[in-house]
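Undergrad: This is the structure I want to talk about, given as structure tokens.
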Amino acid sequence: MLDTYNRKINYLRISVTDRCNLRCRYCMPEEGITKLEHDEILSLEDIVRLVRVGAGIGIRKIRLTGGEPLIRRHITQLIAGIREIPEIDDIAITTNGVLFCSMAEELKAAGLDRVNFSLDTMVAEKFEFITRRDHRTEVKKAIFKALELGLDPVKINTVAIKGFNDDEILAFAKLAYDFPLHIRFIEFMPIGDLLFWSQDRMISSEQIKERIEQRYELTPTKLSKGSGPAVYFKLSGGQGTIGFITPMSHKFCSECNRLRLTAEGKLRGCLYDKREIDLKAALESKSSDEDLKKLFIQAISLKPSEHHMNEGWGKDNLRKMSQIGG
Ligand SMILES: Nc1nc2c(ncn2[C@@H]2O[C@H](COP(=O)(O)OP(=O)(O)OP(=O)(O)O)[C@@H](O)[C@H]2O)c(=O)[nH]1
Ligand SMILES: C[S@@+](CC[C@H](N)C(=O)[O-])C[C@H]1O[C@@H](n2cnc3c(N)ncnc32)[C@H](O)[C@@H]1O
Ligand code: SF4
Ligand code: SF4
């Protein structure tokens, strides 16, 4: 379905939990965030029903995120339920990877197509600093396990933070050169209660690209799967790609194709817009599929033309990244 600005909306990102087994400094305080109770979040059956309704208005691609999606109980059942919806042609997760190895085969058998891992540093002490946990080895194993299982393409999300990981830009590029991995540098966004964010910690994708081009030749390319916001480049002679996600330096809102469902069942038209439609309340008041469909259409009609993160520098968003689903 097209929105007010003629954008085709076909991608639903679902936060399946607001909880997490890491505590990335830019995302959560040590004590965690809201910790919703079980009856405050959508049930798996409700999520499958909402995806079916979404498919009726043109949703084709689903991403499960959070918080950490792999700590949601019975996540494989959820994937299997979504897999049965014939219109859905891509089911992906975004995960920190800590629990992935122990669940990988099950996830694939349930119908998972592919996975994006988050990894901001390859240095043990820095990993422990940024995530406040010591799980780097599990994440590394998870990335290679996904390659081994053929969950193609395997993407890595790296939030670029000046003074923290800008000294690892070439090391990440080498990873994409040596392995069929797609490393995406994400510009640091002022979201949530700005736990670690500051304007001088931002690095633009342009600066990162210049640094990589000192060592590697980059040529524009496209990936077979993933109509997400990244712009990709092949590394000449290498196996993988480098991607740039540029919400701050080059907004990609004019191509935005997504809706977001929070763990509490609120449907959002934009990562950075407070307006939400309460689907959980609608489910509790026994709304029909037709009523739910109308609410999806309403959420699409509320999508803004673009975000305004650089104006209030993040002070205007009530929800945290882990609640909205990244
Ligand atoms: N501002 C903004 N940032 C986004 C949006 N979608 C994704 N991002 C950023 O990009 C990061 C990576 O997103 P992923 O969860 O891996 O999803 P994706 O990039 O859509 O995935 P692919 O389908 O594989 O391309 C997110 O955590 C956000 O930081 C968006 O719509 N707006
Ligand atoms: C909120 S997490 C949820 C999924 C999962 N726990 C993970 O880390 O992959 C999704 C993504 O959002 C990114 N993210 C969180 N806060 C961010 C910020 N302020 N700016 C840019 N990306 C951010 C994380 O690095 C991660 O890649
Ligand atoms: S970025 Fe992902 S892994 Fe890190 S604290 Fe947030 S939800 Fe957890
Ligand atoms: S900031 Fe909002 S409008 Fe822009 S791409 Fe992201 S979700 Fe879409």
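Glycine residues also receive a Cβ, built from the backbone N, Cα and C atoms like all the rest.
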Undergrad: TrEMBL has Arg63, Thr94, Lys155, Arg258, Leu259, Arg260 binding GTP. Which one of Arg7, Arg13, Arg211 is in the same site?
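TA: Candidate in the recorded GTP site: Arg13.
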Undergrad: Look at the S-adenosyl-L-methionine binding annotation in TrEMBL, where Tyr26, Gly67, Ser118 are given, and name the residue from Met1, Met189, Met248 listed for that site too.
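TA: Between Met1, Met189, Met248, TrEMBL records just one in the S-adenosyl-L-methionine site with Tyr26, Gly67, Ser118, namely Met189.
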Undergrad: If one measures from the C-alpha of Ser118 (S-adenosyl-L-methionine binding site) to the C-alpha of Cys270 ([4Fe-4S] cluster 2 binding site), what distance in angstrom results, rounded to a whole number?
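TA: With distance taken Cα to Cα, Cys270 ([4Fe-4S] cluster 2 binding site) is 21 Å from Ser118 (S-adenosyl-L-methionine binding site).
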Undergrad: Given Tyr26 (S-adenosyl-L-methionine binding site) and Cys20 ([4Fe-4S] cluster 1 binding site), what distance in Å do their CA atoms have, once rounded to a whole number?
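TA: Taking the Cα atoms only, Tyr26 (S-adenosyl-L-methionine binding site) lies 13 Å from Cys20 ([4Fe-4S] cluster 1 binding site).
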Undergrad: Taking the centroid of the Cβ atoms of Cys20, Cys24, Cys27 ([4Fe-4S] cluster 1 site), which other same-chain residues have Cβ within 8 Å of it?
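TA: Leaving out the recorded residues gives Leu22, Arg23, Tyr26, Met28, Glu68, Asn96, Thr131, Met321, Ser322.
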Undergrad: Checking the contact step here: among the binding-site residues Cys20, Cys24, Gly67, Met189, Cys253, Cys270, which have a Cα within 10 Å of the Cα of Arg260 (GTP binding site)?
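TA: Of Cys20, Cys24, Gly67, Met189, Cys253, Cys270, within range: Cys270.
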Undergrad: Where does Cys270 ([4Fe-4S] cluster 2 binding site) sit by DSSP, helix, strand or coil?
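TA: In the DSSP reduction, Cys270 ([4Fe-4S] cluster 2 binding site) maps to coil.
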